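Reading through the structure tokens given below for one structure.
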Amino acid sequence: GSGCVPSAPAAAPPAPVWVSAGCWAAQGRVAYKLLHNLFANYSSALRPVEDTDRALNVTLQVTLSQIIDMDERNQVLTSYLWVRQAWLDAHLTWDKDAYDGIDSIRIPSSYVWRPDIILYNNADDHFGGSMETNVVLRSDGLIMWDSPAITKSSCKVDVSYFPFDGQRCHLTFGSWTYNGNQIDLRNRLDTGDLTDFVENVEWEVLGMPATRNVITYGCCSEPYPDVTYTLLLRRRASFYIFNLLLPCIMVSLLAPLSFYLPADSGEKVSLGVTVLLALTVFQLLVAESMPPSESVPLIGKYYIATMTMITASTALTIFIMNVHHCGPGARPVPPWARRLILHHMAQLCCVYEVGESCKSARRALGKQAGREDTGGPEESPGEREEGDEVGSCPRDHCLCHHDSLLRNVGYIANCFRRHRAAQRRTGEWKKVAKVMDRFFMWIFFLMVILMSVLVLGKAA
């Protein structure tokens, strides 16, 4: 039944169709006969080798099709793989010339013996193997089994540099019951196949090297070979930069501006507390997706350092407001504070009064320091002349010749001098608070910028 000779003329159009159908029908009967002869005395329960003392060579090749999900909190990688296994079945061979030249057939995988190769680090709740797909059986006994599988594998996640981190996830395949003396498992290539990989929006695949390991477990004395594919991943950090890092930097830049707010506005402390609450919300968003491990992510360290800085700035704001609101009964500004804060720090921070510039403020501070060195609060020339006239006024020619009037006038003049001295002290303390505000504002601005540069530099 291998020859198919047409009886119709060659020029007739329907002849090739009739011949093709007849040939395929004949070949189908031959394939059915081949299948019946092959599996007449075949058992899929035994290892298909002629010599039971020799190991059966099984080659493994894994193709990564897609990364479905990376669950950092539960440390589980879900991936879609194509697993190709090939081995030689000594009981399933035939002479292709005797069967109309049939070189290969495709049959259900349940018909033949299959190696029990599974994923060792499987993390799926419902443990299952590959799909029940067909196998390709060749005339020399070579069986190739390609099966797709959605696997959930355990992966040790290191989030120390999140969101600029990279992960190394292992996929370890091996036989569950056959040891190395029965099945010799080897990788077909030195790396996983990435030609059909669908790009992931969050992870970039850098490579997938494969290594063969022979391990002796504590339960058994025989060696067990396995093939481990190491999936090298790098996170695409753009999403986290624009949604977590940049908002944190912008919110952090608002905290030093609380020193720039006027003390009488009443909003200095509330601004710092609001910024602190905003950063707390961002930190909670990061903590929800991270595993509860001892290694704090890089962005978490940045949040903690920024929150500590904002807490310190809020405490300093409260202290500076207390200095600003010193009442008339406050002590005079100490000489060291006057020299350090009102002179040097005021020049450094360019703090001046309304209507002054930096240079005029420096000249005014120099003159004030010179007057204070000569001693006592300064009095206007009019006041000195009036005092001299009052003091040198002869009793005979002065209108204020009664002692009671002199005492009252002296009391009023002393009260006026004390009031002006208290105003001067209050103004100096307010100036001290303003200089300290401006100084700490620049200090905290530099700290925010420095921390941001350090975080990005360490990530790079």
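Yeah, the Cβs are placed from backbone N, Cα and C, and that goes for glycine too.
Residues or ranges marked as domain 'Neurotransmitter-gated ion-channel ligand-binding' by TrEMBL: 32-236.
Residues or ranges marked as domain 'Neurotransmitter-gated ion-channel transmembrane' in TrEMBL: 244-454.
What TrEMBL records for 365-388 is region 'Disordered'.
Residues or ranges marked as transmembrane segment in TrEMBL: 239-263 (among others). Long-range neighbours of the transmembrane segment (239-263) within the same chain, counting only residues 6 or more positions beyond its ends whose Cβ lies under 8 Å from a Cβ of the stretch, are 162-163, 202, 269, 271-272, 275, 278-279, 282, 285-286, 299, 302-303, 306, 309-310, 313-314, 316-317, 320-321, 324-325, 430, 433-434, 437-438, 440-442, 444-445, 448, 452, 455.
Sequence annotations record features per position, and here TrEMBL assigns transmembrane segment to 269-290 (among others). Outside the transmembrane segment (269-290) by six or more residues, the chain places 72-73, 159, 162, 244, 247-248, 251-252, 254-255, 257-258, 261, 297, 299-300, 303-304, 306-307, 310-311, 313-314, 317-318, 321 with a CB less than 8 A from a CB of the stretch.
Here TrEMBL flags 302-321 (among others) as transmembrane segment. Residues 245, 248, 252, 255-256, 258-259, 263, 268-269, 272-273, 275-276, 279-280, 282-283, 286, 296, 433, 436-437, 440, 444, 447-448, 451-452, 455 of the same chain lie 6 or more positions beyond the ends of the transmembrane segment (302-321) yet place their CB under 8 Å from a CB of it.
Positions annotated as transmembrane segment by TrEMBL: 439-457 (among others).
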